[in-house]
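*Asks:* Got a structure here, written out as structure tokens. Questions coming.
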Amino acid sequence: MPKNSKVVKRDLDDDVIESVKDLLSNEDSVEEVSKKSELIVDVQEEKDTDAEDGSEADDERPAWNSKLQYILAQVGFSVGLGNVWRFPYLCQKNGGGAYLLPYLILLLVIGIPLFFLELSVGQRIRRGSIGVWNYISPKLGGIGFASCVVCYFVALYYNVIIGWTLFYFSQSFQQPLPWDQCPLVKNASHTYVEPECEQSSATTYYWYREALDITSSISDSGGLNWKMTVCLLVAWVMVCLAMIKGIQSSGKIMYFSSLFPYVVLICFLIRSLLLNGSIDGIRHMFTPKLEMMLEPKVWREAATQVFFALGLGFGGVIAFSSYNKRDNNCHFDAVLVSFINFFTSVLATLVVFAVLGFKANIVNEKCISQNSEMILKLLKMGNISWDVIPHHINLSAVTVEDYRLVYDIIQKVKEEEFAVLHLNACQIEDELNKAVQGTGLAFIAFTEAMTHFPASPFWSVMFFLMLINLGLGSMFGTIEGIITPIVDTFKVRKEILTVICCLLAFCIGLIFVQRSGNYFVTMFDDYSATLPLLIVVILENIAVSFVYGIDKFIEDLTDMLGFAPSKYYYYMWKYISPLMLLTLLIASIVNMGLSPPGYNAWIKEKASEEFLSYPMWGMVVCFSLMVLAILPVPVVFIIRRCNLIDDSSGNLASVTYKRGRVLKEPVNLEGDDASLIHGKIPSEMSSPNFGKNIYRKQSGSPTLDTAPNGRYGIGYLMADMPDMPESDL
């Protein structure tokens, strides 16, 4: 038997027995053969794979310095601005405390299983989103490219929001705050309050006129807003510097950027609970309206929020988990991060409505004061008799309860004439029912509430610093979802790619810092991510469950984790989650079709918002954003299907595991005794596709066989050979 024959499984070819006997008879001890088998995997003794920490031989891929850094990175990515200004709005809009039940159910059915799936494939294959789905099936490689495109679209406008926050942060070091009062306009004859501000409010005026200097329509660009252009540049420089340093540096940044928001939220909660009206806000928030649970819209919006809250489909989850050790318990990570995300949303909701309750109380007191003055005027004019007013009530210093009593009495006495009196009920619930989300919550409602805080500049600095940290944490994950797949696939230098990516994003982002830029932010937010990400995650679920095979994936997880995942995930991934995602996709398409595409424009003359439809070119841009985001999926599929490029994925299929251990194809084995096992002698050229050409059929046959587990490489098969002395790997 020649020593350069290639080894196959014992039950596939009798040559294996002879080869092993030949090796053992060559004056080698069992220990020496064991060492040689170790060389198959590790190439060099000093690069041996550690079975305990799961590090990979010959793989210079960076790794997290600690498990805590990784968890904080995932938390920082998933917990973002949406937890602060989107979840409270949805909770208030969809039944208060009753909304939490649909959200929790959908978190268990869609959120955690799909989050676990993305963590698993990233850790399993140790590649970014492009490499992961190319590994599953080259025809599905477009899923990874689509994730990158969506990430880039989102990063373009998300960093603009961070730029806005930087502007407000820089303006917070003033006493009083610049949005505390309306500005005065002076001319030669007299001084008067700015009309646009007087008709709206000081914080609304500051946002639309001082910060954005907004135009009245998307068609009127108005030129660049230089203040926001500088802030956008600073935001991209911060992101670029953090990403150039790599995950070790960004991981250290995460200690601050991920933990600081919780410190601020807790401080805000404690401070706001000491203010009048805060309990009214929290009570209003969590008073359940159970009848709303029967509305399909509530479940659709809860599912959408779960979907985006965890960052599914962006590629950031996969990218971060690809730097993990092989035997990391990603199931624990999925559950932990998901519930941290949920409880963060609840904490933010408590803070938001405690603060809004305080604001509503102030507005309500002003309302009562103004209406009490109107009642006094009506009494003096004789429109209302003094006899109907209880004697113990002093309208000059009336309480909420007394005003309510007087209002009810007047309403009964003047039932027919009541409408013309123009009196307001002044109920705090009416103010709390004015649902506010997004920039309206952060830059208008919340800033107005903070002007009434003692030491308001301090709280303003803390609030906007918290938003900056939340935004940067999400941006790191979003950019990682772009950089990691491209670096893994095309082997470009990360530093150069990061600089190019950020510089290009800043240039494109100038669209968003025009005076009409806020309308483009709305456009990108509505159309660049929602449907494309849903399609991406549906395809991810299908790729793992049906293309790769759910049974095979469960086996991989068992090897990787050291225990078999619950059957619950089997049924979720194979049946329930795909069905729920398809339902959500259809519901989103229907909702988008029923809702006319448009935006809320700020009309200066009216000092109020007005809904406007997009012009025809705007419609084209909206449609193009959705098409461009998902276009890589069919393009790559067609290219692979028609064999327009090489369909080989051997370079992606060369890594596998056994009981959480890394097994990798050998390289550069000239002069190594272990090359005998591979049939490699110094005079032979190495196979260009090593992972696919190592399985020879019957002796003498030139035909090559990829074997049932050919994807895994020779290390996986050899580890299971009963007569081969198993190494410590």
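Using the three backbone atoms N, Cα and C, a Cβ is placed for every residue, glycine included.
Note that the structure is a prediction, hence the values are computed from the model and not measured.
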*Asks:* With Swiss-Prot as the source, do LYS186 and VAL388 lie on the same side of the membrane?
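*Replies:* Membrane side for LYS186 and VAL388, as annotated in Swiss-Prot: identical.
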*Asks:* Have a look at the glycosylation sites (ASN187, ASN276, ASN383) and report the one with the fewest Cβ neighbours inside 10 Å.
*Replies:* ASN187
*Asks:* So, taking each listed stretch (142-162, 335-356, 530-550, 571-592) in turn and counting its Cβ pairs to the transmembrane segment (496-514) that are under 8 angstroms, which one gives the highest count?
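*Replies:* Answer, by Cβ pair count: 142-162.
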*Asks:* Please report the DSSP secondary structure of ASN276 (N-linked glycosylation site), reduced to three states.
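*Replies:* ASN276 (N-linked glycosylation site) sits in coil per DSSP, no helix or strand.
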*Asks:* State the count of C-beta atoms found within 10 angstroms of the C-beta of ASN394 (N-linked glycosylation site), not counting that atom itself.
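*Replies:* Taking all protein chains shown, ASN394 (N-linked glycosylation site) has 10 Cβ neighbours within 10 Å.
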*Asks:* Between the transmembrane segment (142-162) and the transmembrane segment (306-323), are there at least three Cβ pairs closer than 8 Å, leaving out pairs fewer than 6 positions apart?
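*Replies:* With 3 or more qualifying Cβ pairs, these stretches touch.
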*Asks:* Answer with yes or no whether the transmembrane segment (70-90) touches the transmembrane segment (306-323) by the criterion of at least three Cβ pairs under 8 A, sequence separation 6 or more.
*Replies:* yes
*Asks:* Averaged over the whole of the topological domain 'Extracellular' (357-452), what is the pLDDT?
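*Replies:* Result for the topological domain 'Extracellular' (357-452): average pLDDT 83.
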*Asks:* Can you tell me which parts of the same chain pack against the transmembrane segment (571-592), counting only residues 6+ beyond its ends and a CB-CB cutoff under 8 A?
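*Replies:* Long-range Cβ neighbours of the transmembrane segment (571-592): 106, 109-110, 113-114, 117, 296, 300, 303-304, 307, 530-531, 534-535, 537-538, 541-542, 544-546, 550, 553.
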